[in-house]
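K.L.:
Supplied in C-alpha cells, the structure appears directly below.
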Amino acid sequence: MPAIVLIGAQWGDEGKGKATDLLGGRVQWVVRYQGGNNAGHTVVLPTGENFALHLIPSGILTPGVTNVIGNGVVVDPGVLLTELRGLEERGVDTERLLISADAHLLMPYHVAIDKVVERYAGSKKIGTTGRGIGPCYQDKIARQGIRVADVLDPAVLAEKIEGALELKNQVLVKIYNRKALEPAEVVENLLEQAEGFKHRIADARLLLNQALERDEIVLLEGSQGTLLDVDHGTYPYVTSSNPTAGGASVGSGIGPTRITTVLGILKAYTTRVGSGPFPTELFDEHGAYLAKTGGEVGVTTGRARRCGWFDAVIARYATRVNGITDYFLTKLDVLSSLETVPICVGYTIDGKRTDEMPMTQSDIARAEPVYEELPGWWEDISGAREFDDLPAKARDYVLRLEELAGAHVSCIGVGPGRDQTIVRRDVLAPS
C-alpha cells in the first residue's frame, strides 16, 4: 500500500488531529515527520474526551496503530515523558510508540538560547514559542546536534554535550549574561530521562519501508502548516522545518514515489498565531465572532489566534507546493449564522491585482484582499453526515472553495467530534 501525507494548508491549527483521528482506524502506522513540541493537535473522541498532543502522533489514541516519531522531529525528552505519563494516566496504551534513532534531542541550552534571543530581538522578534525548536534545528544543520541514538552510548553522549556546551556557554554567559550550564549535570539528567524512552528507539526508516512492502498503510502527519514552512512559508515568520509534503519524505525515510495521496487540511476560514503577514486578518466583530465560536486559542502556546476570512490565494499556493490531491475542510460549522461569508480571491498590491502568492515578503505584507461575497446560512449543520444534508448555501460555499483551491474537498468537518464529519470521497480507497 502507498503512504499518505497529511498537510496543513494554511498557517497551522487547521484541524490535522481530527483528520488523523478519523483515518487512524484504517491505517497501521502514523508517523510524525517534523517539528517539535511547538505545535499541538487536538483530538475529541466519540466519548467526548479531549486530548491535546504535542509530540506524540494522533494515532496513539487509536487501538492497534503503531506510532512513530520520525527522524525529522526534534524531541524534548522532558516533554515526551510528561506527555506519555499523561496519556497513560488516562488509560491510553503507549507501548505502540517508537522513536527514530536519528531524531534530534532538544537540550536545555536550546531552550535557554531561544528565550534570550527572542527577548533581545525586541520589535524584530518573530513570535517563537520559546521552546528551543529553532536552536535545536540550527545545531542539526551545523552538525553539532545530539541524536536520540546517542543516549545508548553514554561516553559518546558526554563527549558531544561537552563539545556543544563549550560554545553554548560562551554565548549564554558573555553575550546574554546568563548562567553557564554544567555538562555533567546535563548528561546526568538526560541519561536519567532516557531510561523512560530508550526501549522505544528504533530504525524507523527500515520498519516503515518494510511495512509498505507488506501492503500496510502509513499515514505521515505533519505539524504546523504550509505557510510556516522554512522554505515555502512567509519567511522569516516561519518554523524551522518543512511541514510541506517534501518534508514528509525527508523526515520519515520513505521515498517520494511511495506517497500517492496528499491530503491538505483547510480551515473554512483562516487563522494564524504569532507575528507575520496575514492579508485577510479581521479586527472587527467578525474576527471576534470567529475567535469565540471557533475556540481559537493555541493548543501549545495558549495564545489567542488571529482570525480572518478564507484566503483562496494561499490555498491555491498550498495545492501547488504540496501537490495536494484532496482537501479536508474543517470548522465549516463555525460559519453558520453569518449573513454573508467573504472569500479572498486575490490581492491588490500598490493598486495592481494579482491572484497568485506574492514573490516577496514586502509584497505580501502590503497585500490587500479582494473579496467575493457568498450568502451565508443560518441552519445548525453539526448533525450533517452527508453532503446533501448541508443547506444549499453551505454546499455552494464548499464548492466555491474547491474550485478556487484547485483540489477536491473530500471531507468536511461540521463539529469537533470524530463522527461530525462528511465524507464525499474515501481518500484511502484505491484510485
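Keep in mind that glycine also has a Cβ here, set from the backbone N, Cα and C atoms.
Swiss-Prot lists these features:
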| type | residues | note |
| --- | --- | --- |
| ACT_SITE | ASP13 | active site, proton acceptor |
| ACT_SITE | HIS41 | active site, proton donor |
| BINDING | 12-18, 40-42, ARG305, 331-333, 413-415 | GTP binding site |
| BINDING | ASP13, GLY40 | Mg(2+) binding site |
| BINDING | ASP13, GLU14, GLY15, LYS16, ASN38, ALA39, GLY40, HIS41, THR129, ARG143, GLN224, THR239, ARG303 | IMP binding site |
| BINDING | VAL299, THR300, THR301, GLY302, ARG303, ALA304, ARG305 | substrate binding site |
K.L.:
According to DSSP, does LEU332 (GTP binding site) fall in a helix, a strand, or coil?
P.N.:
helix
K.L.:
Where the distance is taken from Cα to Cα, which of the binding-site residues ASN38, GLN224, ARG303 turns out closest to GLY12 (GTP binding site)?
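P.N.:
Nearest listed residue in space: GLN224.
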K.L.:
Please name the residue among the binding-site residues ALA304, LEU332 whose C-beta has the most neighbouring C-beta atoms within 10 angstroms.
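P.N.:
Output for this query is LEU332.
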K.L.:
I'm trying to understand the geometry here, so how far is the Cα atom of GLY15 (GTP binding site) from the Cα atom of ALA304 (substrate binding site), in Å to the nearest whole number?
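P.N.:
The Cα atom of GLY15 (GTP binding site) is 16 Å away from the Cα atom of ALA304 (substrate binding site).
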K.L.:
Work through the recorded positions one by one (ASP13, GLY40, THR129, GLN224, ALA304) and name whichever has its CA nearest to the CA of LEU332 (GTP binding site).
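P.N.:
For LEU332 (GTP binding site), the closest Cα among ASP13, GLY40, THR129, GLN224, ALA304 is found at ASP13.
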K.L.:
Counting other Cβ atoms within 10 Å of each Cβ, which of the binding-site residues LYS18, ARG303, ARG305 scores lowest?
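P.N.:
Counting other Cβ atoms within 10 Å of each of the binding-site residues LYS18, ARG303, ARG305 gives the minimum at ARG303.
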K.L.:
For GLY12 (GTP binding site), what is the tally of other C-beta atoms lying within 10 angstroms of its C-beta?
P.N.:
31
K.L.:
Do you know offhand how many angstrom separate ARG305 (substrate binding site) and ASP13 (active site, proton acceptor) by C-alpha?
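P.N.:
Between the Cα atoms of ARG305 (substrate binding site) and ASP13 (active site, proton acceptor), the distance comes to 9 Å.
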K.L.:
Which one, from the binding-site residues GLY15, GLY40, has the smallest tally of other C-beta atoms lying within 10 Å of its C-beta?
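P.N.:
So among GLY15, GLY40, the binding-site residues given, the one with the fewest Cβ atoms within 10 Å is GLY40.
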K.L.:
Restricting to the chain of GLN224 (IMP binding site) and a gap of 6 or more, list residues whose Cβ falls under 8 Å of its Cβ, or answer none.
P.N.:
GLY8, TRP11, GLY12, GLY35, ASN38, ALA39, THR239, SER241, PRO243
K.L.:
Checking your reading of the structure: which of the recorded positions ASP13, LYS18, THR129, ARG303, ALA304 lie inside a 10 Å Cα sphere centred on GLY40 (Mg(2+) binding site)?
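P.N.:
Within 10 Å Cα-Cα: ASP13.
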K.L.:
Out of ASP13, LYS18, THR42, VAL414, which of these recorded positions is nearest ARG303 (IMP binding site) by C-alpha distance?
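P.N.:
Closest recorded candidate to ARG303 (IMP binding site) by Cα: ASP13.
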K.L.:
On a C-alpha basis, identify the one among ASP13, THR129, ALA304 that is nearest to THR42 (GTP binding site); the candidates are the recorded positions.
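P.N.:
Sorting the recorded positions by distance from THR42 (GTP binding site), the top entry is ASP13.
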